[in-house]
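The structure under discussion appears below in the form of structure tokens.
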Amino acid sequence: MAELTALESLIEMGFPRGRAEKALALTGNQGIEAAMDWLMEHEDDPDVDEPLETPLGHILGREPTSSEQGGLEGSGSAAGEGKPALSEEERQEQTKRMLELVAQKQREREEREEREALERERQRRRQGQELSAARQRLQEDEMRRAAEERRREKAEELAARQRVREKIERDKAERAKKYGGSVGSQPPPVAPEPGPVPSSPSQEPPTKREYDQCRIQVRLPDGTSLTQTFRAREQLAAVRLYVELHRGEELGGGQDPVQLLSGFPRRAFSEADMERPLQELGLVPSAVLIVAKKCPS
């Protein structure tokens, strides 16, 4: 049976004549499939229906084939013979094949668009994951910097406490030296005049014992206690510093000043008392002190 030309087939499938001619020309008359691909890809172009300026037969510098010449308007056959007409059944069969080809092309285009959409979605998710990872890295860097800052502040605080302890030790050494000088410069005690010989050794008055150390127990507000031995001539400030350095973090961790109290008799030690030796405050040889938070002045 006679075959429809590419142009006739496109027109039979419902494409406008001008658009079909343009598709064949721009694809170099490579056949109906190439023309249909072009038509489906450019169906939404605003200039798709604009006519070509050059003759259809000379597109891309190519001479049309004999079958294409038969489909060009105004061109006759080389021998001048007429083209046999298609029967209605042949025309319907060829139209059916063309429609199936169009449907196949449509399915291929939909599958391609679906693959492209899936690829765009994968790209979007990948970019989202990369952005989330970048944010997490930034957060980790900030947390690391904050931890380093806390460690630096802690080291500076410990260094400051060490300087305070060293100063207290120097002050204690100076006071010990001062005490030693003043005690040595005191005149020797006057010997009492001899009295009557006691009738029994048990009647002699007890000798007062001098203590060089004292044991201090400090009760904290949470019910726990600290126990430490100090020299009798150390200042009460040394006890307060020891408490501030060793009490738990939940009690302030050395951040707030503390008030020292004695239980029996009840007494609150003042700042002036902090400069006095433990033996002078009556805390030798042992004593129990109570810690309370110092009220702001």
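Glycine too: its Cβ is placed from the backbone N, Cα and C atoms.
Note that the structure is a prediction, hence the values are computed from the model and not measured.
Per Swiss-Prot, coiled coil is recorded for 87-172.
For the compositional bias 'Acidic residues' (42-52), the residues of the chain that approach it from at least six positions outside its boundaries are 16, 18-19, 21-23, 25-26, 59, judged by C-beta separation under 8 angstroms. Marked as compositional bias 'Acidic residues' by Swiss-Prot: 42-52.
Annotation comment: Swiss-Prot describes 211-293 as domain 'UBX'.
Here Swiss-Prot flags ALA2 as N-acetylalanine.
Per Swiss-Prot, the feature phosphoserine maps to SER199 (among others); the stated evidence is a large-scale study or a structure entry.
The phosphoserine annotation in Swiss-Prot covers SER200 (among others).
According to Swiss-Prot, the feature phosphothreonine maps to THR207 (among others).
Taken from Swiss-Prot, the feature phosphothreonine applies to THR229 (among others), supported by a large-scale study or a structure entry. Taking all protein chains in view, 10 other C-beta atoms sit within 10 angstroms of the C-beta of THR229 (phosphothreonine).
What Swiss-Prot records for SER270 (among others) is phosphoserine. Proximity of SER270 (phosphoserine) to non-local residues of its own chain (separation of 6 or more, Cβ distance below 8 Å) is seen for none.
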